[in-house]
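Written out below as structure tokens is the structure these notes cover.
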Amino acid sequence: MSWDQVWIDVNVATMSPSVSAPYGAITDAAVAVEKGRIAWIGLRSELPEFDVLSTPVYRGKGAWITPGLIDAHTHLVFAGNRANEFELRLQGASYEEIARSGGGIISTVKACREASEGELFELGRKRLNALAKEGVTTVEIKSGYGLETETELKLLRVARELGKHHHVDVKTTFLGAHAIPPEYKDNAETYVDLVIDEMLPAVIEENLADAADVFCENIAFSVEQTERVLTAAKDAGLDIKLHAEQLSNLGGSAMAARLGAKSVDHIEYLDETGVKALSQSGTCATLLPGAFYFLRETQMPPIELLRKHKVPMVLASDYNPGSSPLCSSLLMLNMGCTLFRLTPEEALAGMTRNAAKALGVEDNVGVLEVGMQADFCLWDITTPAQLSYSYGVGVCLEVVKSGQLVHQ
């Protein structure tokens, strides 16, 4: 037997449903990698004989291996910051009040319109590096801070370039319908026409997006406007997803589920009718505790209903300058448990197996099984629950991406 590398003296949280133990755990395990994929995984005592002289063998010293983490919802490419709005909120202003007065997303739009692709790339690279050091091997990056054709394309080009020049896999999402720009303040329908008739075809022509998203909320786009954009995107061959039920229950999630959305995100105000719609369509529910925490919200997502109806729960950072300037996936694991009362196993599934499903890459990453891409992390922990329990100590020892050691 000949492999490219073998890992021994490790415990593995495979996160695979085919392994009955919590976390899909295999203790005292071994993992073999060949051509960037997992060639063998199981008990070390059952490891087939192999050529130890020609095969690199890594000893984990009892550490834990998990799938590479997947951050399935970020707005990672942007310029500027909104620290001044942070101060305003602490003085009593609400997120909606700031948005309606021309702040919020619109202030970041101005900064992004003025920034060059090179400047945006460097800003994005630093943020991507920060996530990568915590074990993230796949990330989603949205546009949405252009709200005009050229800047939306610019943001997506930068996201694509980050994917080409970084070991982290990048999935891109077109979010032209993120907010109504000031120049269309009294004519939202015309802006929706622009998104559908001009922006979307340009995005498709340059192959800049894997999916499309809309912010469906009272301060943004109605359910009817949202459906128009998502339908056009789906017809153009993109996956679809949605920001929904963050501030109120408009029924956007049920509509998106009917259209076959990969995920609906935020969903603090989602009701049981919406949860049932997600369950029936196989749509994931993406939980964003960073925004919940940073905005000091009090309405929790319907976790018990999601469990009851077996909706896959995803956990993501929502990293952005306004409502979640928290560039840490490990922090989200902790917040998912402490704020939303997920179990540590649910939280880790939300950043591995279920996150892969939300991005449509579940056949390639998210669990550790034979044939899957060899994306995994080695952690200095004694139990997988420790990833959610503790935060701030550098527990990520090594990261393997497609069989290559990329972080030590």
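In case you wondered, yes, glycine gets a Cβ from its N, Cα and C as well.
HIS243 is the only one of HIS243, HIS309 that Swiss-Prot places in the Zn(2+) site (with HIS73, HIS75, ASP318). Among the candidates TYR23, TYR58, TYR145, the one that Swiss-Prot lists alongside ASN320, GLY322 as binding N-formimidoyl-L-glutamate is TYR145. The candidate list GLN5, GLN246, GLN404 contains one residue that Swiss-Prot assigns to the 4-imidazolone-5-propanoate site with ARG82, TYR145, HIS178, SER323, namely GLN246. A Cβ within 8 Å of the Cβ centre of HIS73, HIS75, HIS243, ASP318, the residues given for Fe(3+), is found for these other residues of the same chain: THR74, LYS142, ASP265, HIS266, LEU288, ALA291, ALA316, TYR319, ASN320, SER324. Here the candidates are the binding-site residues HIS75, HIS243, ASP318, GLY322. The one whose C-alpha lies nearest to that of ARG82 (4-imidazolone-5-propanoate binding site) is GLY322.
Around HIS178 (4-imidazolone-5-propanoate binding site), taking its Cβ as the centre, 26 other Cβ atoms fall within 10 Å, counting all chains. HIS243 (Fe(3+) binding site) carries a strand DSSP state (E or B). In this entry, N-formimidoyl-L-glutamate is bound by TYR145, ASN320, GLY322, whose most widely separated C-alpha atoms sit 11 angstrom apart. Of the listed binding-site residues, namely ARG82, GLN246, SER323, the sparsest Cβ surroundings within 10 Å are found at ARG82.
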